[in-house]
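A.B. asks: According to Swiss-Prot, the protein has these features:
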ACT_SITE  Asp333  active site, proton acceptor
BINDING   Lys39, Gly112, Arg140, Gln187, Arg364, Arg405  phosphoenolpyruvate binding site
BINDING   Lys39, Ser40, Arg44, Ser185, Gln187, Asp333, Lys360  3-phosphoshikimate binding site
Amino acid sequence: MYCRRSHLKKPSMSHRTHDYWIAHQGTPLHGVLSIPGDKSISHRAVMFAALADGTSRIDGFLEAEDTCSTAEILARLGVRIETPLSTQRIVHGVGVDGLQASHIPLDCGNAGTGMRLLAGLLVAQPFDSVLVGDASLSKRPMRRVTDPLSQMGARIDTSDDGTPPLRIYGGQLLHGIDFISPVASAQIKSAVLLAGLYARNETVVREPHPTRDYTERMLTAFGVDIDVSTGCARLRGGQRLCATDITIPADFSSAAFYLVAASVIPGSDITLRAVGLNPRRIGLLTVLRLMGANIVESNRHEQGGEPVVDLRVRYAPLQGTRVPEDLVADMIDEFPALFVAAAAAEGQTVVSGAAELRVKESDRLAAMVTGLRVLGVQVDETADGATIHGGPIGHGTINSHGDHRIAMAFSIAGQLSVSTVRIEDVANVATSFPDYETLARSAGFGLEVYCDPA
């Protein structure tokens, strides 16, 4: 049964798993495409605006399930948020000390970013809170966040295996720490910095590799004095946030699927407008260029404190490459798309140092390796990466494991298939890219959406 889903409605988990796509060869991609707003920035913008003194306007807000979950949680905590347009939020901030207790668990849905950042915020409040998530989020590791928060004096419980739900006990006095993060994670860094706003003395976060600095840039935009150097951020507690207006650029991770698709579908020529090019986010762009992609930047400017460009992408034959390990953290969300580019390239592409892929919304490493093998692509899997041997892409049925990025990646593979690719469990695409199917088809994708009532 063909269906058209509304991204504004959250179907029950028992029903979501029956949504599937049939992807097949379409036409060369053409057009000027507007990608939805950045998910990471949208989470932070609505959260920091809620903590600010005064009213903030957010334009370009991503109207997707993950970001709406965060906004709904803030509303439950007493923040008034207006929605004049689907991509706009007017947030009436309550100040750093104005949040109110919720008497029911706070549902983050599939939003790992939302849960981890909210944990950093809620450990500093005078009331107890419980953060829960969907089946996928409930399997993701949280001790990497709860451990440093506990070092600051927070009381926070997880399940026995370190996964959600998170039970947070309010009324704790936090103190700043000098935290050396064992992994490069902007979410860990952001959670600790948020708690640091409420802590005595100074909070320092040091990373093994610099990660995306959305939190640091946005705290600065909201008037917080934060010192940033390579791989290190520090701030003093007790600061207040001042309301400001934010314009959010297009999400690079969402644009990534079109960067890859236009690069591998012969005859394609598209332009992606106003894409955020945070320096710690664009590893995929570097790797695609190493592979021979034809991607040209224009109209560079700043938007919401972030560098923004238009990207023109034209088809070019790709060659396999070795992905530099120092780029892995800068493209951790883009690896599913890269794996498809590698499958379409001539020669071998080698990925290493990417063990973090195993603890995303799914084990993305295993999911991509298994899926590509189903389509006849030779892939050698390792503990922290894979070697992908480029070649023809066949047909088959792919289990996306409810992971939005796995589903979208294999929709690209379907454009190169000798037949069709069926991609199952795709409803969670709405968590990051509402109306992905509509935009993809308008650009030239062969992509049909079905609901299996069984």
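The backbone N, Cα and C atoms fix where each Cβ goes, and this holds for glycine too.
Where in this structure would I find these features, and how exposed are they?
C.D. replies: When secondary structure is read from DSSP and collapsed to three states, Asp333 (active site, proton acceptor) falls in the coil class.
Listed in sequence order, Phe335, Pro336, Leu357, Arg358, Asp403, Arg405, Ile406 are the same-chain residues at least 6 apart in sequence whose CB falls under 8 Å from the CB of Arg364 (phosphoenolpyruvate binding site).
Non-local neighbourhood of Gln187 (phosphoenolpyruvate binding site): Gly112, Thr113, Arg116, Leu117, Val145, each in the same chain, at least six residues away, with C-beta under 8 Å from its C-beta.
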A.B. asks: Record lists Lys39, Gly112, Arg140, Gln187, Arg364, Arg405 as binding phosphoenolpyruvate; longest Cα-Cα distance in Å?
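C.D. replies: This binding site's residues have a maximal Cα-Cα distance of 19 Å.
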A.B. asks: Spatial neighbours of Arg140 (phosphoenolpyruvate binding site) among the recorded positions Ser40, Ser185, Asp333, Lys360, defined as Cα within 10 A: which are they?
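C.D. replies: Of Ser40, Ser185, Asp333, Lys360, within range: Lys360.
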A.B. asks: Check each residue in the chain of Arg44 (3-phosphoshikimate binding site) that is at least six apart in sequence and keep those whose C-beta is under 8 Å from its C-beta; list them in sequence order.
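C.D. replies: Those within reach of Arg44 (3-phosphoshikimate binding site), by Cβ under 8 Å and sequence separation of 6 or more, are Leu117, Ser190, Tyr214, Thr215, Met218.
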A.B. asks: For Ser40, Ser185, listed as binding-site residues, tell me which one has the smallest number of other Cβ atoms within 10 Å.
C.D. replies: Ser185
A.B. asks: How big is the gap, in Å, between the Cα of Asp333 (active site, proton acceptor) and that of Lys360 (3-phosphoshikimate binding site), rounded to a whole number?
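C.D. replies: Answer for this pair: 9 Å between alpha carbons.
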A.B. asks: C-alpha of Ser185 (3-phosphoshikimate binding site) to C-alpha of Lys39 (phosphoenolpyruvate binding site): distance in Å?
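C.D. replies: So the alpha carbons of Ser185 (3-phosphoshikimate binding site) and Lys39 (phosphoenolpyruvate binding site) sit roughly 16 Å from each other.
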